[in-house]
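Peer 1: Starting off with a structure, shown below.
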Amino acid sequence: MPAVGGIVSDNKKEYPGNLTPFVMATCIVAAMGGLIFGYDIGISGGVTTMPSFLRKFFPSVYRKKEANQSTNQYCQYDSQTLTMFTSSLYLAALLSSIVASTVTRKFGRRLSMLFGGILFCAGAIINGAAKAVWMLIVGRMLLGFGIGFANQSVPLYLSEMAPYKYRGALNIGFQLSITIGILVANILNYFFAKIKGGWGWRLSLGGAVVPALIITIGSLVLPDTPNSMIERGQKEEAKTKLQRIRGIDDVDEEFDDLVAASEASKQVEHPWRNLLQRKYRPHLSMAILIPFFQQLTGINVIMFYSPVLFETIGFKNDAALMSAVVTGTVNVVATLVSIYGVDRWGRRFLFLEGGTQMLICQILVTICIAAKFGVDGNPGDLPKWYAILVVLFICIYVAGFAWSWGPLGWLVPSEIFPLEIRSAAQSINVSVNMIFTFAVAQVFLTMLCHLKFGLFIFFAFFVVVMSIFVYFFLPETKGIPIEEMGRVWKTHWYWSRFVTNVDLPYGGLEMGKNGQPVKQI
Ligand code: BGC
């Protein structure tokens with residue numbers, strides 16, 4: 001029986017090709033799509049702690065917070081309209097990622113990115129100019145539509161463009177730009193909150209126009225991926241493009257495989273219904289479970305609400321925003337570690353190490369909060385060292401996420417789907433991610449109020465489950481060309497029961513240079 005995460009390695013295919021400046025440049029521009037997502041994740045938490053913003057749109061929360069200085073800290077922000085402001089975006093993103101699947105498949109990855117950028121621009125302008133809560137929510141929904149398009153298309157674009165040996169690193173460019181977006185949003189909140197007259201939140205929300213313009217203009221200058229061009233019948237152009245991207249003339253082997261994958265995908269009329277076929281069971285399971293687990297790490301409790309959380313554990317408003325900047329910086333730096341390691345150490349190692357690190361920190365944070373806040377949420381005077389310790393544990397937790405589930409939650413799904421279901425399966429991935437991002441955003445403040453310190457244990461439980469899942473069920477995908485991915489299922493101890501040779505390209509035969517079969521996988 002093959003090893004738990006193992007693959008047969010002696011018949012690996014190697015396509016020639018370099019990491020050309022051309023491919024680097026296109027991937028950097030495309031990865032900017034993550035900026036709009038990240039900016040948004042980071043901006044809402046800070047804005048909702050700005051007193052002028054709360055007074056204007058959520059007066060009841062504002063009054064409760066003012067009146068509630070010394071009583072139950074766990075519940076001061078518990079308001080359904082306030083969470084609706086944060087989470088409405090993710091509902092919209094969920095819906096649009098489904099539409100984006102068709103656009104991405106029929107019209108190319110680029111056009112989806114363009115739509116994403118334009119919708120996001122509109123949302124940012126409405127939010128910056130908001131006069132009532134409904135404008136805030138409409139604006140956030142437009143931002144959400146934009147994000148649905150971008151998150152559907154950018155990871156696919158990156159994985160298809162990249163030479164397979166560098167696919168992990170280039171794809172994580174997307175996550176890196178998400179984390180940069182979050183950090184920039186945290187820094188801007190810190191400064192804008194200080195603006196006299198209390199209109200800084202308008203700059204915070206309206207500032208989203210900048211990343212939106214970057215991806216809009218970027219998508220106009222980017223080339224489409226060869227995979228997508230072949231899929232849309234532009235074979236000749238696709239080959240020339242592939243030669244340009246790889247920086248060599250001899251791209252025949254890779255090109256032929258792309259064409260074969262595209263032919264296979266043409267047989268498929270209903271990509272959605274198709275996903276239910278037995279041979280796609282591993283893909284479907286991953287498309288659902290990976291984003292589910294990513295959100296159940298609890299990361300967005302920190303990303304959305306860290307200023308709120310830090311205020312709850314005793315920081316002043318200013319210090320709370322500053323601590324969010326600190327966690328944001330750790331998030332960016334740790335993502336760089338992942339870029340360095342993902343194609344060297346592999347996906348499974350990062351998942352398992354990151355999971356263990358997160359688990360330990362969640363337990364430590366629970367102990368800290370339980371010790372001081374108890375069940376009544378009334379901490380008395382909190383010493384400074386205590387708050388610093390909590391921030392430190394939270395930083396180590398964020399680092400664990402940032403080199404494991406953060407980037408890999410987008411990378412792994414984008415590299416495992418065969419072309420014929422790629423777009424549809426990626427939509428499922430984005431939708432599930434958004435449903436659970438929504439759920440966590442929507443219930444977190446209420447959960448904090450009721451579960452109190454137990455909240456962190458809730459997420460810690462899921463971290464244990466997901467690590468066990470990775471250990472037994474996630475095969476290693478490092479260094480395998482995308483169109484060859486079928487073999488990792490075929491050789492996996494569990495998934496092999498769903499995937500047979502007939503389901504693989506060329507019936508599972510390894511093809512040699514001359515187009516003759518060499519051996520059976
Ligand atoms: C997740 C987001 C999260 C972010 C944090 C992303 O991969 O999808 O939900 O907020 O990482 O860096």
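Glycine is treated like the rest: Cβ placed from N, Cα and C.
Just so you know, TrEMBL annotations never went through curation; they're auto-generated.
Sharing the feature lines straight out of TrEMBL:
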DOMAIN    26-478  domain 'Major facilitator superfamily (MFS) profile'
TRANSMEM  19-39  transmembrane segment
TRANSMEM  87-104  transmembrane segment
TRANSMEM  111-130  transmembrane segment
TRANSMEM  136-158  transmembrane segment
TRANSMEM  170-193  transmembrane segment
TRANSMEM  199-222  transmembrane segment
TRANSMEM  284-308  transmembrane segment
TRANSMEM  320-342  transmembrane segment
TRANSMEM  349-373  transmembrane segment
TRANSMEM  385-406  transmembrane segment
TRANSMEM  427-447  transmembrane segment
TRANSMEM  453-474  transmembrane segment
Peer 1: Looking at 19-39, 111-130, 284-308, which one has the highest count of Cβ pairs under 8 angstroms to the transmembrane segment (136-158)?
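Peer 2: Against the transmembrane segment (136-158), the leading stretch is 111-130.
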Peer 1: Contact between the transmembrane segment (385-406) and the transmembrane segment (111-130) is defined here as three or more C-beta pairs under 8 Å separated by at least 6 residues; is that satisfied?
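Peer 2: Answer no: the transmembrane segment (111-130) and the transmembrane segment (385-406) share fewer than 3 Cβ pairs below 8 Å.
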Peer 1: Considering pairs 6 or more residues apart, do the transmembrane segment (199-222) and the transmembrane segment (170-193) have at least three CB pairs under 8 Å?
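Peer 2: Judged by the Cβ rule, the two regions touch, with the required three close pairs present.
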Peer 1: Other than its close neighbours in sequence, what residues sit by the transmembrane segment (349-373), given a CB gap under 8 Å and a spacing of at least six beyond its ends?
Peer 2: 73-74, 297-298, 313, 338, 341-342, 379, 382, 386, 389-390, 393-394, 396-397, 399-401, 403-405, 408, 452-454, 456-457, 459-460, 463-464, 466-467, 470-471, 474
Peer 1: So which of 284-308, 320-342, 427-447 has the most C-beta pairs under 8 Å when paired with the transmembrane segment (170-193)?
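Peer 2: Going through each listed stretch, the top one turns out to be 320-342.
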Peer 1: In the same chain, who gets a Cβ under 8 Å from the transmembrane segment (320-342) while lying at least 6 residues past its ends?
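Peer 2: Same-chain contacts beyond the ends: 42, 45-46, 49, 168-169, 172-173, 175-176, 179-180, 182-183, 185-187, 189-190, 193, 302, 306-308, 310-311, 349-350, 391, 394-395, 398-404, 406-408, 411, 478.
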Peer 1: Which of 87-104, 385-406, 427-447, 453-474 has the most Cβ pairs closer than 8 Å to the transmembrane segment (284-308)?
Peer 2: 427-447
Peer 1: What else in the chain is close to the transmembrane segment (19-39), if you only count residues 6 or more beyond its ends and a Cβ gap under 8 Å?
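Peer 2: For the transmembrane segment (19-39), the sequence-distant neighbours (Cβ-Cβ under 8 Å, at least 6 residues beyond its ends) are 113, 116-117, 120, 143, 146-147, 150-151, 153-154, 157-158, 161-163, 166, 170, 173-185, 207-208, 211-212, 214-215, 218, 221-223, 244-247.
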Peer 1: For the domain 'Major facilitator superfamily (MFS) profile' (26-478), provide the mean pLDDT of the predicted model.
Peer 2: 86
